[in-house]
Each structure stands twice: as structure tokens, then as C-alpha cells.
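Here Swiss-Prot flags 58-160 as region 'Disordered'. Taken from Swiss-Prot, the feature compositional bias 'Basic and acidic residues' covers 70-91, 104-160. According to Swiss-Prot, the compositional bias 'Basic residues' annotation covers 92-103. The domain 'tr-type G' annotation in Swiss-Prot covers 413-582. If you look up Swiss-Prot, you'll see 422-429, 468-472, 522-525 marked as GTP binding site. Residues or ranges marked as region 'G1' by Swiss-Prot on the basis of similarity to another entry: 422-429. The region 'G2' annotation in Swiss-Prot covers 447-451. The annotation region 'G3' is assigned in Swiss-Prot to 468-471. Marked as region 'G4' by Swiss-Prot: 522-525.
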Amino acid sequence: MGVRISQIADELGYTSQEVVAKAQEMGYKRIKTGSNSVSDEEASAIYDYIQTGVLPKKTEKKQTAKKSVKKDTVKKDTVKKTAVKKDDSKAAKKTKPIAKKSAPKTEKKVEKKVESKISKPDNEILEAKPEISKPEIKAEPKKEEIEQKQEAEPKIEVMPEKKSKIKSAFARGETLASESLKKRRGLVIVKKKKDLQTTETQKIEAPKTQKINLGLDAIFSNADANLKKKEKKKEKKQVQSKKVDTTKIDLTSDRELADIRIDDDEDMVVLPDLTLKPIQVEQKTKTKDQPNIYKVSQNKVYGNDGSIARGARKKHKKAVKNSDNEIIKSIEIPKEIRLYEFAEKIKKQPSEIISKLFALGLMTTKNDFLDEDAIEILGAEFDIDIKIVDENAKLNYVKVYDEQNLDDKNAVERVPVITIMGHVDHGKTSLLDYIRNSRIARGEAGGITQHVGAYMVEKNGRKITFIDTPGHEAFTSMRARGAEVTDIVIIVVAADDGVKPQTKEAINHAKAAKVPIIIAINKMDKPTANPDMVKSGLAELDIIPVEWGGKYEFVEISAKTGKGIEDLLEIVLLQADLLELKASLNVPAKATIIESSLQKGRGPVATIIVQNGTLRVGDTVVAGVAYGKVRVINDDKGKKLKDIKPGECGVIVGLSEVPEAGETLISVTSDKEAREYAKKIYEHNRQKELSKSTKVTIDELSAKIAEGEIKSLPVIVKADVVGSLEAVKSSLEKLRNDEVRVDIIHSGVGGITQNDVGLASASENCIILGFNIRPTGEVKELAKERGVNIKTYNVIYNLIDDVKAVLGGLMSPIISEIEIGQAEIRQVINVPKIGQIAGCMVTDGSIQRGAKIRVIREGVIKFEGNVSSLKRFKDDVKEVAKGFECGVGIEGYNDMQVGDFIESFKEKEEIASL
């Protein structure tokens, strides 16, 4: 390969152009850019020339004419080097203040150590570690450079041997990498044994004895000094045979201790033991018999010297049994309580409660939450009258809001909220498109609605809010949310298709929400339209039209031509007038989150419908675990609004995280209040989730064990909005049987991130499913590198079909048998060294070589195996048809009898499907 000019430039700290100029001076005219490469020999020659300024012997003759130019460049280089060194000195001052402070103190010692090492050439001498690993140009150093170097680094004398070693290393042709490694290593000085013992021991030794003063000064100021003096008494008795030469080492200096070589005992540098354990032990033993002065003296201002404290009396702990003996007859228990908390309340041991529940067939731990039934049963078991109190009412900010805003005196008429529901492809979105003069249906993937949408329409000077819900079976929870928020439900039924499963489900949702229902019979423009079929089908569900004596309005419409839509809107407004929908304007806002998502550049975004009050920009809100200040409000067309009044819809930005769809959003007075609500709800939900994972009944235990044997497909699900994520998750959880299931290890709203890829790579055979999102190029590259499969979809049933196919591959294949033929054994021949050969007559189909056979005797299967040989007379054949005789040898079976039947068959494997 060779070495690029740019690599040499990086190593030396020069630009590529400067190195190219130097190379051309040396005679390498082919080198013109930094991307050109040279051989290792040429690279070392260029490196030496830039460092020393001396041309190699080969090129020296050619370059005599360019000496003046070279001098100028060398001067420039030296100027640049001084600038680099100045920067180095500044960096050294900033990054190593500790080393700088300690340098002047240890200067003399270091010089002595270096001089002592000159006499011992065998020892290892290493270079000082520079701040930047850029090699210097070997030019004449100026005074300014020397001064800068002295300021930046501690003054350490470098011996002439070192310079000669460096030059010889370059002469030997060391590589650039090895040279830079040497320069990165720090200064290591191995201490030769020297008579410094007297100076060290003089410093360490202290006066022999001194009486301990028992005043405050002895306790606070001189305690450590006295203890050290006492310690030295004991140390005198011990004879130090080894480790006499102890040398202080500045541990704070920037040195690599791994580079210090300890070859023998002579050159060993002994580190002082800095631990305080022996001092602490001695202190305990010495001060054990002394009176406790500190306790008495700490509260006195004067006269603390001669006082002696009385020994404190031992406090006898109260027996715990006394509290257990208390008989509790009645108690209030919170609705959500853990087992150990319940045990504390009724003065029982947790183990006692666990055993009671185990006897009742419920396996629990002390951290599990107890439900109301379990609490009542335990109350009966322990003969305690238990009253269950809902302490979580404090977390119910909606209830607090409703109690504070009961005054309806200032209520005004509000905008009606209409939800359009029905079966998939019956024309719900097309109807809304005609009303709004828009083209939403064309924009939806697959022509089906997969999001909940809220839209404002004005009719006869009055506003109407419409909610469009998906009709696909996967979006049940979306339809349920739409029915809960709405005032009136329009159920769309196709005149040519009649009542379908989702039609029935929509009617049930509307009845559960106790809201008026209007039936819109769509697609009346089709020739196959049959409205009577629709009416009779709905009559079976107790939805009887007004003309048949019922109470439900039926309107025949066409979303394509617009027929009957005006009549439908008139009926909607009439129904709204009958309901007398009212709300207060001048109270804090209360709204319902219809849909939420995470948008790039905007953060968490929520589509809401205000039910009471007025939501304004700048209001502080809380919605479940999400909270924040409303920064932006947009309508369904993207236009910015200042506020949203009751019954109106809008999109808000500013929440801390993506809220759950269906959550109630409340406007609160302060950010602190919102944060506290969100934090408490989050902690409560988390604890309940953790409790769920540990609870299991004895009946469920066997199912859990069996689940361990089930093959699972781990998936990570990411979607554009919360509603779609719910739908995908619920659909995937339904895809299971006794053999396989889907294991959702992570799900979330937003794009596929690198963290998702990392999590998928950590799980075996995990795939990432994206709904209405696309991964970025970086994420795709990382997924390809780690072998993670990412699949994205726009239509939910395509996603479900693909996952079904993958699960089918995990299932054991379905093996089916194909009968080929049957033969009757007429004669059995024993052949030496081979075994039995059956002389057969083929009675049905054919006998084939390679096929499986089974031997049947009197209707009972005696053996299953393979055909080892098949002959007709003396010839080997592949197949013998019906009506012909043949000889059959069966592999591994020698118990054939005349009258047995040989049945030939093949096994066919088919991929199982859910």
C-alpha cells in the first residue's frame, strides 16, 4: 500500500501542501497532492528531511540550487513550531496545574536521581512525555523557544545520552508509529540505592513522649499529632530489615505507573502505606479507658478541661411483641395497598398473609398489590372489619376539576361533536370529504382510514365538530374513544353491502356511550343499492327506523354525488338543539385527547376536543403522565389559533411527552402542580405494572411453564401516532396459538432510532416493525451492519399478514402422507449376509425405491422403514406397477412373513399457518 502524504502531514503537524513542497525539494516530482502515496523508505526520508533539514545523500546533489529556498522554509517552520510550543505551554498550564506546583519542590531531587543514573548505562532511560505528539524540527532553538519550554514544563535535565539514542533510533530506521509511541511515554526514573536514610529518618522521627492534655485543644487540634507520637513508640521496638530506603513519589503527577520496571530488590521503590486502618485500631484501644469528655463539653462554653462524663446507660429496646399483641377489630385500608403494608396495618407478619393467600390458591410476594377481593377475604380470615378507602382520589385530577367547576350559571351553548362510525370501505371518510370539500380518503394508504381525525365544519353559520374513526377491526379502541367523546353518532352503512361486523360493533359502542344514533345509508348512487336490506338488517339489532315506528333517523345519501347530505346535516343540528349542549367559557379548560404523536421539530403533539372552559396559548396543562405549557394551537387545516372554546377541536404543542389517547387534559394553575400530578401518576402506574408481573395463581403457573416452551417472535413496534400503535399492538398480541406467539419487547411513537436497532440486535431474531414511518439512512446502515431486519408498512392488514407468515415459519410443518401403493408378500427368501427378501405381488398402485414403507400384519403396523432393494427377476428397478411381481428388501427388518402387506407411501411437508 505505502504511506499517504496526508498521513505524514498529520503525524508532523504540517499541512499536506507543505509536505508536498518538501517532497518536491527532495526530487519527488510525482508527488503533487496529499492523496499521493510513497513507499516506507521514501516516507522515512521525507520525515527525516522535515525534522533535520538535511537532504539525504542521493538527493543532496540535485538540490544545491534550491538551498536558499529551503532556508526560508525552515525559518517558517521554526516560527510555526514556536507558535505550536506556545500553545502547548498554555495547554500545559490549563490541564496540569498540580504537576506545575509540585515541580519546583522536587526539582533538586530529580536532578540528583538523573545524575546517579548516568553511571549505570544498563538501566532504562526514557523520554519526558510531551503534551502534543508532534515531532520537532531539529533546527537551532531560539532563546524565546527555550523560555517558553521552561515555563510550560518542569525543569528536568535531559542527558546527552538520550539525544544520541534518539538519533541512533532514527538511523536504524524506526517507523513513525514506534517513534510517536516513545514520545507519548512519561518520564520514569528508577532510584538507585543511596545513603539518604539519615535525611529521611530525621524527618520521620519525633520527640519521644509527651503527656496528652485532656482539654478541647487535645481533642480537636493535637489529637492526630499525639496519636502519631504514640505510634512511633511502638514502631521503635520493631527492627526494619528491608524497605529501609523509602522515597516519596508525587502520585498526582501525570505519569504512567505501568512503565516503571522493578527488576530486583536493589532498585525497588517502596510506596508508603497511606491507609489509616492501624491508626484507627490503635486509637480505639487507647481511648477505650479514657472518660468521654466530648459529650459533656460540647454544650458548655467554658470550664471544659477537668470535667469527666458519666458512662451512658444502655437503652433497652422495647419488645416488638407488645405491638403484635394489640387486637385490631376494625381498620381502614387503602384501595391500592401492598402486601407488606397491609401486614403492618393489621399488625401481622407478611409471611402469615402470604401463607393464607397460598392456601387460597394465590401466589404472591410482599411487594404485590392486593385487590379488593383479597383484602375482604383476609379480613374475614383474621376476623377484622375492613373498610376500603380510595386514597388515589388525590391523583384523580379530573374529579378535583369537576368538584371545583360545578357552577353552570354562566354556561353557554357549545359546538356539537359528531362521530362518524361504520364498517371499513362503507364511505365514512368520503362522506366527510364531501362535507369539508377535501380529499382525505385519497391520501390514506390503501384507501382506508387508519387515524382518528377531528375536523371543524360550518353549516348555516353554526360550527360542527366531526370525528372520523377507522372502520378496520384492528382499531376497536379508537372507535370506543370516539363514541365516549361524542354527542351524536352517525353510523354509515353501504346500501350494497348491508350490516357487517364493524357496523354491529359501532352500534354497541354508541349504545354503551348512551348517545343518539343517526343511520346514513351510503352508496345510493350504485345500481345494486338496496336500502330495505340495510333497514331489515339493523332492525334485527333493535335499530328501527322512524317510518317503521322506531326512534332512529335513517337518511339515504351518496358521498359521491352529494345526495341527501344536506338533509343529514339538518337532522344533526336538530338533534343537537334537542340535547341543549352547554358549557362554561370562563373556567379552566377540560379536554379529551383524541390522538397523539411525536413530530420531528415539534415534539409531542396532541389532537384534542375541549369539553368545558377555554384553552389558551400559555396555559399549563396535565394529561396523565404528560404535562407542560401550551406553546402552539392549530386548527385542522394548520392555521394558528389563540384559544379553543368548548366543542371545538385543535392540535396543541408543548407537552413533556406523548400522552395516551383517551386521556383527559386539564388546565391547572402552576407548573409545579402539573408536575406533581404527572409524577405521582407515573409512579403509581409503574408500581402497578411491576406488581402485575409477579402475581400468578397456581392455575396460571402451569400455563406460565408451558409458555416457556412456546416459540416466540420478538418484535419492536414503532408507529406515527398512539392510536395506530395501540391497534398494531393489539392485533399482534392476538396472533398466537399453542406453538407460537408474538413477543413485543418495545413499542413507541416516533421514528426508528439507533437505540431501537441496538435493542433489536441484543435480542435474538428480533425484527423492527414500522407503521407509517421510514428509517433514516444512518439507521438503515446500522441495521445492515448488525443484521437487524426492519420492515415498514402503510396498511395495517399487510403488516398482520407478514407477521402471520413469519409465525407460520416458526411453527412445526404439517406432515401429510401420500399413499403410493400396496403389495402382498407371497414368499420370504433368506439370503446369507443380506437378510430377508420378500417376494411380492403389487396389488394396488406401485412400489417405489426410495419411498417409505410399513409392514402390516393382520391390520397392525409391525414396522416402518425404507426400501433397501427393489428387483424384478435379477434386474434392479426403480418402480414396480400393479399386477407385477417383485422382490423387496426392507432396511433393518428381518421378520417378514407370508401374508403380510407392504404399504408404500411418501411424506409431504407443508408450512403451517395461523
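The backbone N, Cα and C atoms fix where each Cβ goes, glycine too.
Computed from a predicted structure; not experimentally measured.
Structure with Swiss-Prot features highlighted.
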| residue | record | CB count, 10 Å |
| --- | --- | --- |
| Gly422 | GTP binding site | 27 |
| Asp425 | GTP binding site | 18 |
| Lys428 | GTP binding site | 28 |
| Thr469 | GTP binding site | 29 |
| Met524 | GTP binding site | 21 |
Reported mean pLDDT - the region 'G4' (522-525): 89
Tally of residues which DSSP labels helix, strand or coil - the region 'G4' (522-525): 0 helix, 1 strand, 3 coil
Secondary-structure category, per DSSP, in which Asp425 (GTP binding site) falls: coil
